[in-house]
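Per Swiss-Prot, the feature active site, proton acceptor maps to Y168. Feature annotation from Swiss-Prot assigns NAD(+) binding site to S20, L22, D41, D64, V65, C91, Y168, K172, F201, T203. Per Swiss-Prot, substrate binding site is recorded for S155, and the stated evidence type is similarity to another entry. Annotation comment: Swiss-Prot describes A2 as N-acetylalanine, evidence class similarity to another entry. Annotated N6-acetyllysine per Swiss-Prot: K53, K69, K99, K105, K212, in sequence order, evidence recorded as similarity to another entry. Taken from Swiss-Prot, the feature N6-succinyllysine covers K53, K212.
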Amino acid sequence: MAAACRSVKGLVALITGGASGLGLATAERLVGQGATAVLLDLPNSDGETQAKKLGKSCAFAPADVTSEKDVQAALTLAREKFGRVDVAVNCAGIAVASKTYNLKKSQAHTLEDFQRVINVNLIGTFNVIRLVAGEMGQNEPDQGGQRGVIINTASVAAFEGQVGQAAYSASKGGIVGMTLPIARDLAPMGIRVMTIAPGLFGTPLLTTLPDKVRNFLASQVPFPSRLGDPAEYAHLVQAIIENSFLNGEVIRLDGAIRMQP
């Protein structure tokens with residue numbers, strides 16, 4: 001019988017949005033467990049500094065996830081520096097808060113904002129998936145036939161979108177919806193595809209809010225009643241990588257929260 005679990009030690013991971021938040025926490029954990037990481041993030045991000053902090057087992061690839069040229073360049077960097085790509089973790093994303101129609105302002109949600117969120121969160125994720133799949137397909141399969149693992153980031157907003165989250169929820173719902181068909185598409189290549197749907201996490205977006213607001217948000221989580229720690233997201237990423245029977249599924253990581261309108 002093929003081994004059910006594999007260690008992350010020695011694996012090479014491409015992590016989008018790797019300069020901060022969930023992406024950086026993932027890089028820190030994987031490198032700490034003996035893996036190698038390539039942080040893919042925008043040129044004006046803190047990616048280069050963070051990669052240097054993580055040492056020789058990490059590199060920075062300045063890139064926009066919506067650009068085929070940029071992502072290909074990042075994959076080339078990973079291959080030339082570390083030999084291959086075994087894991088891809090898609091954490092890059094943006095959010096826009098806007099009602100479909102604001103009656104008080106007599107203003108409709110702009111198509112530009114809606115398209116921008118879809119372009120980065122959904123199309124950007126798919127862009128990375130389709131390109132990294134070709135890279136992983138060149139890997140020698142392990143004893144279980146696996147060549148790679150792709151892990152995407154959705155959100156609980158994919159299931160319980162709040163007021164003003166039409167664009168964000170649509171983008172994350174798209175990631176949820178494409179997880180299974182892509183897993184089926186890539187199964188013959190020995191590539192697994194999973195998605196994590198985080199709840200409220202202590203990422204830069206939330207940690208900059210006033211204490212009163214953060215404490216209120218934390219109180220909405222049934223148990224434990226706090227914001228998630230990015231390290232907990234990273235821990236789940238590692239567990240998914242190491243468990244070869246996880247495929248085509250979306251895992252909520254949210255302390256049982258169900259968002260209200």
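Quick reminder: no glycine exception, Cβ is built from N, Cα and C everywhere.
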For this session: In whole Å, could you give the widest CA to CA gap in the NAD(+) site formed by S20, L22, D41, D64, V65, C91, Y168, K172, F201, T203?
Result: 24
Seminar exercise, completed: One of the recorded positions K53, Y168, K212 has its Cα closest to the Cα of V65 (NAD(+) binding site), namely Y168
For this session: Find the shortest Cα-Cα separation between F201 (NAD(+) binding site) and the recorded positions K53, S155, K212, and name the residue that gives it.
Result: S155
Problem set entry | Cβ neighbours of S155 (substrate binding site) where a neighbour is any other Cβ within 10 Å | 29
Problem set entry | Greatest C-beta neighbour count within 10 angstroms, which of the recorded positions Y168, F201 | Y168
Seminar exercise, completed: The correct three-state DSSP answer for K105 (N6-acetyllysine) is coil
